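TrEMBL lists 81-115, 213-247, 379-413, 481-515 with the feature repeat 'PPR'. Annotation source TrEMBL lists domain 'DYW' at 696-788.
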Amino acid sequence: MSLINPSISSTLQSPSDFYASLLQTSLKTKDPFTAKLIHAQIIKLGLHLGVFLMNNLMNSYSKSGFISDAHTLFDEMPGKNTFSWNTILSAYAKQGRFDRAHTIFQEMPERDSVSWTSMIVGYNQMCQFEKAISMFLEMVSAKISPTQFTFTNILASCASLEDLSIGKKVHSFIVKLGLSSNVPVANSLLNMYSKSGKPDMTKAVFDGMPLRSVSSWNTMITLYARYGRLDLALAQFEQMSERDVVSWNAMIAGYNQHGLDVEAVCIFAEMLRESNVKPDKFSLASVLSACANLEMLKPGREIHAYIIRTAANDSEPVSNALISMYSKSGGLAIARKIVDRGMVSNLNVISVTSLLDGYVKIGDVKLARNFFDSLNDPDVVAWTAMIVGYVQNGLNNDAVELFRCLLSYGPKPNNFTLSAMLSACSSLASLNHGKQIHATALRSGAESSVSVTNALISMYAKAGSIENAKRVFGQVSWMRDNVSWTSMIIALAQHGLGLEAIALFEEMLALKIKPDHITYVGVLSACTHAGFVEQGQNYFCLLQNVHKIVPTLSHYACMIDLLGRAGLLEEALKFIEKMPIEPDVIAWGSLLSACRVNKNAELAEIAASRLLEIDPGNSGAYAALANVYSLCGRYEDNAKVRKLMKDRGVKKDRGVSWLEINKTNHVFGVEDTLHPQRDEIYKKMAELWKEIKKLGFVPDTKAVLHDLDEELKDEILSHHSEKLAIAFGLMSTPEKTTLRIIKNLRVCDDCHSAIKYISKLVQREIVVRDVTRFHHFKDGLCSCGDYW
């Protein structure tokens, strides 16, 4: 920059005014070194003794970043006025150097509103809001009148702290000084009341403003959107004569955040079509989030094309939103390309989980794990997403293994992680793993989380420990939600505690907690397993007439099961025929199962026929019909059904049972010969078989579906999978230990009877979880009361 000689510039301007004007111009051009050139010229001309020019020079140094030069100049000034002090004070305060700023503030011979405000602004900019408020209160005590700038900053501090007590006092002060109509001050009041959760006061201030800026309208739109009143937000939006990008963003984000994603996409399209305002990274991130939620790949790609054309993708929020959109909308390959090309250096929680969830959704858990392993220092959300992916794909052992890695060298698991792991333990019916996770939840304080508590109830129930499930439910009486009650009712029903389940349901109704359709599945199931036909029918009416729930196929299946188990087979058939929706496999399967219990071959043929029309490859239908024929002594028909299965290539599900010993699952099939301790197991079972016969047990040879001699049937019965599992469990665990056996099919009549006698013989509780429920065998009795 060339310096102009002041003597030829203007006869109306003094040299000091000329150089002061030149310094102001240099600040606008943002040339940091101009001040130094001007400073040299000032010294050369002997103008460095004037306070006015030195103040301007010091101001230029401080605003150009040369604060040490500004302070040197300040120290060398022979004369200083309040402006001089305020200039150096403001420079230090704005940089957050409050030790120096405070020293200067204390040394000032005289302080004005600018001095106090400089300190308040500095504290506010450095997020030291309490100190800003404290400084403001000192300012008022010193009887210094705040300026407009003071008020806007102190209201910003109150807003950040959501401190209404001070905010209201500041509001009163503003009214007293007549600044209520000042637009920047009124906007600061709007912001303070809005962020402090006072919509009524916000609206009152807005309504009282004679003049409003775009910012005023934006505050109201954002407020209404936050509370889900998008109708009011839209009304305000449509009244605006002028809109900026914040106005559009508030509407797009509001719709997106409240699940109105179609509306979010539409208003974004309107923004592009009818507005001169260009979308920014916030507009783009919100509309891409809406496309992700809608799984709308086409509009998402069009927005991506717009981003590329306008070079608007140079921001991590937009890149993360693109990854999330493509992951959720079936464009996983493109999402991965965005990641691999390094278009975003810091993947956020949503994009990571979306990409992982996308792989999980298509069942490609291997690719999900490869992506997870490629992350640098994955956070707890990424770990949880991967664990959930394993659980959702039935890979529960992999979920457990990854959780162990998380505990060893990953971040601290959160409530969602623990809930997911408890779900895995529920599927594995692993009580040991579940207890370990419960201990982790206790140590981290996560047991107080409703989601973790509900998962604990479900885990303990599915692992066969109904007492622990009850204990957890009893400990959280103050925080139970609908899911808590429902989980406990279903748990009690599965464990044959029908009366307790019904009592809990009645207590739930008395407390005015509204049951949902899943709750009703639980209570109807409880009535089914307990044989409470009339009670179940009453609840089915309550479901429709009082709680206005449209019955689902699950409710209808429960009612069919309820009638069938009670021997009311004709009523069950009529119920099916009157159903307003087409009965499914479960409905006909429930009737077929009841026919087996009641040995009704004719109705079983109808049920099996209708079931096979829906699902021709259903092996259970063939097996159940063959079972009924065998129980009725119709062995030729049994053989025909089995031949038909073979001809049609239908394979019967192999019955297996397993139990966990020393953190290892031991699996057994009927006549199992694969276990390394098979000889000892068969020997143990032979001893048990002999001893329980002495106690009065009579093998139910009708349970053998083939026409064999009685001795061979007897031997086959003794080698059923659950009996072998029990024999191994008795060999491998200390006396009095509860055995917990899981079976993938229903327990047969003979095994049910034999296990009652075994529990009496060995004086142990034996819990068997079959495909429909739990049986607790103890002292020769079963919790089902022989009604299952």
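The backbone N, Cα and C atoms fix where each Cβ goes, glycine too.
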Helix-strand-coil residue split for the repeat 'PPR' (213-247), DSSP-based: 26 helix, 0 strand, 9 coil
If you run through the domain 'DYW' (696-788) with DSSP, how many residues end up as helix, strand and coil? 38 helix, 16 strand, 39 coil
Which residue counts does DSSP yield for the repeat 'PPR' (81-115) in the helix, strand and coil classes, in that order? 26 helix, 0 strand, 9 coil
Would you report the average pLDDT that the model assigns to the repeat 'PPR' (481-515)? 92
Per-state residue totals over the repeat 'PPR' (481-515) - DSSP helix, strand, coil: 26 helix, 0 strand, 9 coil
Can you break down the repeat 'PPR' (379-413) into helix, strand and coil residue counts using DSSP? 27 helix, 0 strand, 8 coil
